[in-house]
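Encoded as structure tokens, the structure appears first; notes follow it.
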Amino acid sequence: MDGELSNGSEGRLQASAKEVSFGPIRLLQDPIQALLVFAREDSQSDGFWWACERAAYRCAIAHSAEAALNLVLASHPDLVVVDGRSSQHFSAEAVCRSIRATKDSEHTVLVVVTRKIPSDQEEEESILPLLTAGFTRRFVEDHRVSVCYNELLQLEHGELRASFKLRACNALLAALQRCHDAVEITSEDHVIQYVNPAFERATGFSSDELVGRTAPERALGSDARAHGQPALARAHAHGSRNQRRERGSEPDEQQQQPAPAPPPPPPPPPPEEPLADDDDDDGDFDGGADDGQRRQRQRQRQQQQEEEEEDGDLITDQHSKEWKGTLYTKCKSGKTIKQIATVIPVIGQGGWTRHFVSVRCPCSDNATQGEGIHREERGRAGSVHTDGHSQRHKDRRKSSLDVRSNTSRGSDGGSVHHRRNSSMARIHSMTIEAPITKVINIINAAQESSPVSVAEALDRVLEILRTTELYSPQLGSRDDDPHASDLVGGLMTDGLRRLSGNDFILSKNVHHAQSPLRVPTAPATGDAAGPPPRVVEALGFEDRWDFDIFEAENVTHKRPLVYLGLKVFARFGVCDFLGCSEATLRSWLSLIEANYHSSNSYHNSTHAADVLHATAYFLRKERVKACLDQCDEVAALIAATVHDVDHPGRTNSFLCNAGSELAVLYNDTAVLESHHAALAFQLSTRDDKGNIFRNMERSDFRTLRQAIIDMVLATEMTKHFEHVNKFVNSINKPGGGADDAASVNGGGGEGESMGPGCSPESRLLIKRMLIKCADISNPCRPLPLCVEWAGRISEEYFAQTDEEKRKGLPVVMPVFDRSSCSIPKSQISFIDYFISDMFDAWDAFADLPDLMEHLGQNYRYWKGMDEQQLKTLRPPPPQ
């Protein structure tokens, strides 16, 4: 019966969807799916089974923790009942933690069955450990079907109904995430609890910067009169006062004392530089004698307008009062934007107002409130030096951006005007200016003389520049492609994001997390007389892209790295550059290869040799040679050789979730890549016999070491899109850093004094891109090699998934289950998400038509396999 689904409605009750009301939403709830996890079938499991049939639930039963996890991943049951009466076969708490760590299990109801309390036991043990593990409810064993059925009824109308409604909240959250209006939710104490992406875009603040902070402090700052504060305070006060009045804790308005006096006007702003009088049509200064009167008139107009705009409309119902009006919000950039806002109090626990929802849409004159104010000030200040045409252009820009300019050209001024001028002046006076600040200032200056459409486009550019992830794309919904979702999640996260609360597991016994101080010794190197003839023959075509690395693996008895490394390093003159002997190089290669795990199906020394071969192939391309010097070439070859040394055959996510020693050592950040680079230099300098760096000058060694480390760290997949997009935007763009490479032999100029034809920044990006492409070039190899590599990496991911299930760890790539995984689908997703764009960019730079032809052929092969609904590496043999 293990894993078997049954619908008890057949024969007696016809299961049908039930209508559930959730506020104004009408939902249809499908028949409940239940999973029973019992090591063996007994009267208790039978009791729940027949109770599920009576309740018309769809029911399945699992007899092991692994089977339970597989069923959870496959069917996502609403209710899971786990037998916790004995830990002989599995631990109920471990099963619960494993289920909670899976995707979409947050709202699953988990019930644990415990033994009856002995009659002679006075005190019952605490159930807190069970609740901490993730269980929702405890059921004391009772095999009677009626008791089990009543328990299911309580769950259905209690926890399961609540869980169903909470799942429906995802639709509301999705709507909030996609709507164009800015939405902010605060507590009754005005602490921000949620902001949607539209709010983040409008203000420039990220959600992490806002949530948990007090709203007025965020919106207004400490140096400004509270443009929005009276309005927000008034709206919040109405809600609080209304609920107090309903409870009799505050007298009605007829019984209250006279309203307090309005707050005093704000203090005058500090003295500033004289400003142009907006009433003067020519835009010139009137003279120092009238400055004080002019500023006073501006302050009076501004104060009057603020008072008018702060008087929003109160919309009242019998339970709460909404407020509608104008708010000013201070953005992260320092500018102030005007928004039309509706503040809605929401009744919560105890019948009190527990939340305030603020829905805001922008006003059409926000450009004037922000950078537009600064542009107008600079334009007016310089108008004495401009002709009539430029003055008319400036007036035309202002009238198009400011809807109030027809009635009061000076109404934008006042305190906002002064504050903006003061803050921008401080920015322009900074002696140490960050590059991003220079970029923003250049864009602001360009907006002054730009048409409205261009200025608005540049405003959008400024919004993008203020985001934190400039080079990482926003991927689509993960539900669209589960294979791509798991690849992105497994390769581009540290794994801990999939855990919550106390689910972190610290284990010092994870055998994959080998300490960098425990390294195996190198094998004896008895190859001084030269490689055997079969090895020489296998390496005869190592300079071609279709070189068969697996043939080299066979003839070298899984030691291809030493033999291929000796030949490649000799071709590039590495020993001469390092000042070491060939015997030292052979000892070093043997030592490095000995620290690759031959037990890994993919991340072994054959993979290192394959990456070394691809690196050497790329270094021979004319445009690459024109940009890199010999130090760069040597660094690339060494980095390729060591880039996965001592790889445990598990991903960074696995090590972080398992709490391995390496994850703790490197703070869950680039764990394996940091380990590879560090261990490579530890091994190299441990013994003079294999120390290829011992004869180098200190400064040369430091330069080479930095280049090697940078390239090894570039293989970390979390930075994949950042490296690719920087390469595309800096190297492949017209006039990019590598465009001078073609003229490297033309003589003259700064490029010749440098040696290579590219700047140091361009060379850095090229080296990172080179080793990244070499590291994951398998889909660009000839089809037989591509298929073999696909099988090896899939086997390694299968083994990781098996171990994660066995140890109760979060499964970071659930689709890589050896019983259900489609290898063609995984390869298609990998090519679509990681390979195509990267190799298009690399081909545009290095000219690699053979690779692109192989990539297209391999992609069509995997597509054909998938269209035939085949999940294996190769099609079945013909009958």
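Every residue, even glycine, has its Cβ placed from backbone N, Cα and C.
Note: TrEMBL annotation is automatic and uncurated.
Record check: TrEMBL places His643, Asp644, Asp775 at the Zn(2+) 1 site, and the matching candidate among His597, His607, His723 is His607. By a simple count of nearby Cβ atoms, those within 10 Å, the most crowded of the recorded positions His603, His607 is His607. Neighbour counts of Cβ atoms within 10 Å were compared across the binding-site residues Asn604, Ser605, Thr606, Gln827; the minimum falls on Asn604.
Each residue in the domain 'PDEase' (527-869) has a pLDDT score, and their mean in this model is 91. Summarising the environment of Asp644 (AMP binding site), the number of other Cβ atoms within 10 Å of its Cβ, over all protein chains shown, is 25. Applying an 8 A CB threshold to same-chain residues 6+ apart, the list for Asp775 (AMP binding site) reads Val611, His643, Thr715.
With respect to their backbone Cα atoms, His603 (active site, proton donor) and Gln827 (AMP binding site) stand 17 Å from each other.
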